[in-house]
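Only one structure is covered here, and it is reproduced in the block below.
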Amino acid sequence: MESLFGFWDAQSQRRRTGGGGGGFESLKRLGHISPAVYLTLCSALAFSALGAYLHILLNVGGTLTTLGCLAAIAYLISLPASQDQERNRFALLMAAALLQGASVGPLVDLVIDVDPRILVTAFVGTAIAFGCFSGAAIIAKRREYLYLGGLLSSGLSILLWLQFATSIFGHTSTTFMFELYFGLLVFLGYMVFDTQEIIERAHGGDMDYIKHALTLFTDFVAVLVRILVIMMKNAQEKSKDEKKRKKR
């Protein structure tokens, strides 16, 4: 961890002392910035997997872990992005990831009961999608996808209002499937938008890799959860169809 912090400090100093180059120089700076962000993201995903495993062993996931995750994220955001608070903020991010994994644990446990292969396939698929969408944002022109922010915010608002309405009037299969696929589309878009926003913040001197990793982590988990639900639902329907055929 010490090397990670030192690495980021060195890149931050280089960004402040280096001049403003063209697009190629910006891409080179991005190449230096990305490893710290993505290394922190991978650490958060590992802690999240540990949290899900702890739920399977100890059945700890639930409302309390969700509230704990939100509290850890809120506390992380409230702390200043200073060198003195760097380790505390990193620890809070890992704690939030651990609690997030425990919160998703019941879904993971259910998926394993249906078909353990779904878990591996969903994670690999999410990782590939993340790599493709984030990579597209990296190689694209500066600010090319930032216009998506307004559209994605509107889509997220639609999802929130729809969830509020269904909590009052009840779910139907149609609204559930719409929430699932539309939410997947929205958060795939956020992978592109958030990556470009992180790039722009880096160009502006914002080297808060912990906050940037948190942003990408939330996108990754949101997509993974939806892919898990979709694949599990398809597997259950396929199993039902096979049982009906055997009865005939």
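All residue numbers here begin at 1 and follow the chain in the order shown.
Keep in mind that glycine also has a Cβ here, set from the backbone N, Cα and C atoms.
Heads up, TrEMBL stuff is auto-annotated, nobody curated it.
According to TrEMBL, the features are:
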TRANSMEM  36-54  transmembrane segment
TRANSMEM  60-78  transmembrane segment
TRANSMEM  90-112  transmembrane segment
TRANSMEM  118-138  transmembrane segment
TRANSMEM  145-164  transmembrane segment
TRANSMEM  176-193  transmembrane segment
TRANSMEM  213-232  transmembrane segment
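Most Cβ pairs under 8 Å to the transmembrane segment (36-54), among the stretches 118-138, 145-164, 176-193, 213-232, belong to 213-232.
The stretch in 90-112, 145-164, 176-193, 213-232 that contributes the largest number of Cβ pairs under 8 Å to the transmembrane segment (118-138) is 213-232. Counting residues 6+ beyond its ends, the transmembrane segment (90-112) has Cβ neighbours under 8 Å at 1, 40, 43-45, 47-56, 60-62, 65-66, 68-69, 72-73, 75-76, 79, 118-119, 122, 210, 213-214, 217, 221, 225, 228-229, 231-232 in the same chain.
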